[in-house]
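As annotated by TrEMBL, NADPH binding site applies to Thr11, Gly12, Ser13, Ile14, Asn39, Asn123, Glu125, Gly214. Per TrEMBL, the feature 1-deoxy-D-xylulose 5-phosphate binding site maps to Lys124, Ser150, Glu151, Ser185, His208, Ser221, Asn226, Lys227, Glu230. Annotation source TrEMBL lists Mn(2+) binding site at Asp149, Glu151, Glu230. Annotated domain '1-deoxy-D-xylulose 5-phosphate reductoisomerase N-terminal' per TrEMBL: 5-131, in sequence order. Taken from TrEMBL, the feature domain '1-deoxy-D-xylulose 5-phosphate reductoisomerase C-terminal' covers 145-238. The domain 'DXP reductoisomerase C-terminal' annotation in TrEMBL covers 270-386.
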Amino acid sequence: MSKQVTVLGATGSIGQNTLAVVKENPELFSVYAVTAQQNVADMVEICQTFKPQFAVMTDASAATELRARLTGLPTEVLAGTEAMADVASAPEVDFVMAAIVGAAGLLPTMAAVRAGKRVLLANKEALVMTGQLFMDAVVKHNAELLPIDSEHNAIFQCLPADVQQQLGRSDLAAAGIRQIMLTGSGGPFRNLPLDQLAEQTPAAACAHPNWSMGRKISVDSATMLNKGLEYIEARWLFNCQREQLQVVLHPQSVIHSMVSYTDGSVIAQLGQPDMRTPIAYGMSYPARIRSGVDALDFMSLGELTFAEADPARYPCLQLAIDACWEGQWATTTLNAANEVAVAAFLDGRIRFTDISRIVADLLAKISPQQLNSVAEVLSLDEQVRAYSQEQVEHYSLC
Ligand SMILES: NC(=O)C1=CN([C@@H]2O[C@H](COP(=O)(O)OP(=O)(O)OC[C@H]3O[C@@H](n4cnc5c(N)ncnc54)[C@H](OP(=O)(O)O)[C@@H]3O)[C@@H](O)[C@H]2O)C=CC1
Ligand SMILES: CC(=O)[C@@H](O)[C@H](O)COP(=O)(O)O
Ligand SMILES: [Mn+2]
């Protein structure tokens, strides 16, 4: 029997790569539902190819347009966030790819967790926003969480089986693990003179040297706030203490991350910078399947280099690391402020260097507070977005 998959964020970079892995293994998977915000053209093509039972659009008018363009197909078109949660938690679904970008992914992803699904987590913002609440929900509802973010998927692959199976609950030191090393490319501005950072355009920031990704995560890679989000993500996924987590600059993105053991061994996962590999791993775990990605050719690799990230070039990285150990309010604040700032930068309203200023401003403005539920997280998220918009006005170029 083939596994039924719901793809949240099917029109995005991760969504399309997930569908490519489905296509590579038609005997193993079928698509139950796909979701998007408003990209009707890609949804038409996806529905014609994969014939899912449901297609959900956040936007009601986009849903109406999609419905009109799918006449004759078996796909039922729905609208809204609640419908996304429904197709993520339906009893027929074997696993859910959580690949909506940003906070918008939290509720449908949580719905999949609460329904006890296998959840393939690409949407790192959901975990950054909710941390312990998310990990507790995984345990409470007996969900199976598999990291898809390339670094976390790499780390997962380098862990002992018992640590994999107790994800987020093992004592790393007791398992013989000294440190988890997250690699990061440094993005497109790694070698740019610092005084040119302010004038960089959205197109330049989105031109990642190694990976082809959506626009928001591409800007996050350029500021290295992506690595900051990943640091927080790793803290929760692998139950790390501060001294057990390190970021290593590795411009080639060939080593996707490493685990250092007490006996001096370091286990790394290597591969092409192609998300079909971690996605296929998550879809078939613990077996291995075809992903369509070629093996690394070591004879033509060239040199692999490593360095420390320069805090003057990447202030967002340290903001995120500090927020990680401050508390949930800080990582929720960091994420919301960053989402607003990145959207404003992509709209041409603020400079590249204003992103870190807005994140720092918000972390200084918001008072430390306990967040005891997803509702409280969402309330703080909303408050931070409102203040961040004010800061966007303050730095605005127009
Ligand atoms: N791309 C990559 O290689 C990697 C991505 N990730 C993470 O995966 C997630 C997705 O990234 P990526 O695929 O690059 O992003 P994209 O921007 O390419 O795609 C985002 C997807 O989310 C949908 N979406 C956007 N806003 C909403 C909303 N408000 N409600 C519902 N759906 C929405 C989009 O729909 P529409 O097309 O209609 O706008 C689209 O399907 C992010 O969290 C990212 O950090 C992690 C590791 C690697
Ligand atoms: C593919 C993936 O997982 C991205 O998160 C990637 O890590 C971005 O590259 P950076 O290392 O530049 O952040
Ligand atoms: Mn990553």
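FYI, residue positions are counted from 1 along the chain as it appears here.
Just so you know, glycine gets a Cβ as well, placed from its N, Cα and C.
Those TrEMBL annotations? Automatic predictions, nothing curated.
As the structure is a computational prediction, the values presented were derived from the model and not from experiment.
Known features from TrEMBL, placed on the structure.
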{"residue": "Gly12", "record": "NADPH binding site", "DSSP (3 states)": "coil"}
{"residue": "Asn39", "record": "NADPH binding site", "DSSP (3 states)": "coil"}
{"residue": "Lys124", "record": "1-deoxy-D-xylulose 5-phosphate binding site", "DSSP (3 states)": "helix"}
{"residue": "Asp149", "record": "Mn(2+) binding site", "DSSP (3 states)": "coil"}
{"residue": "His208", "record": "1-deoxy-D-xylulose 5-phosphate binding site", "DSSP (3 states)": "coil"}
{"residue": "Asn226", "record": "1-deoxy-D-xylulose 5-phosphate binding site", "DSSP (3 states)": "helix"}
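Geometry remark: Gly214 (NADPH binding site) versus Asn226 (1-deoxy-D-xylulose 5-phosphate binding site), CA distance 12 Å. Surrounding the centroid of the Cβ atoms of Asp149, Glu151, Glu230, where the record places Mn(2+), the chain contributes additional residues within 8 Å, namely Lys124, Pro147, Ser150, His152, Asn153, Leu182, Asn226, Lys227, Leu229, Glu233, Ala234, Ser257. According to DSSP, Gly214 (NADPH binding site) sits in a coil region rather than a helix or strand. Cα of His208 (1-deoxy-D-xylulose 5-phosphate binding site) to Cα of Asp149 (Mn(2+) binding site): a distance of 16 Å. Checking the binding-site residues Thr11, Asn123, Asp149, Gly214, Asn226 for a CB within less than 6 Å of any atom of ligand 2 leaves Asp149, Asn226, listed in sequence order. Within the same chain, the residues at least 6 positions away from Gly12 (NADPH binding site) whose Cβ sits under 8 Å from its Cβ are Ala36, Ala99, Ile100, Val101, Gly214, listed in sequence order. Candidate binding-site residues: Glu151, His208, Asn226, Glu230. Not one of them has a Cβ under 6 Å from ligand 1.
The number of other CB atoms found within 10 A of the CB of Asn39 (NADPH binding site), across every protein chain shown, is 17. Of all the binding-site residues listed (Lys124, His208), Lys124 sits in the most crowded Cβ setting, with the most other Cβ atoms within 10 Å. Residue counts for the domain 'DXP reductoisomerase C-terminal' (270-386) under DSSP, helix first, then strand, then coil, are 68 helix, 2 strand, 47 coil.
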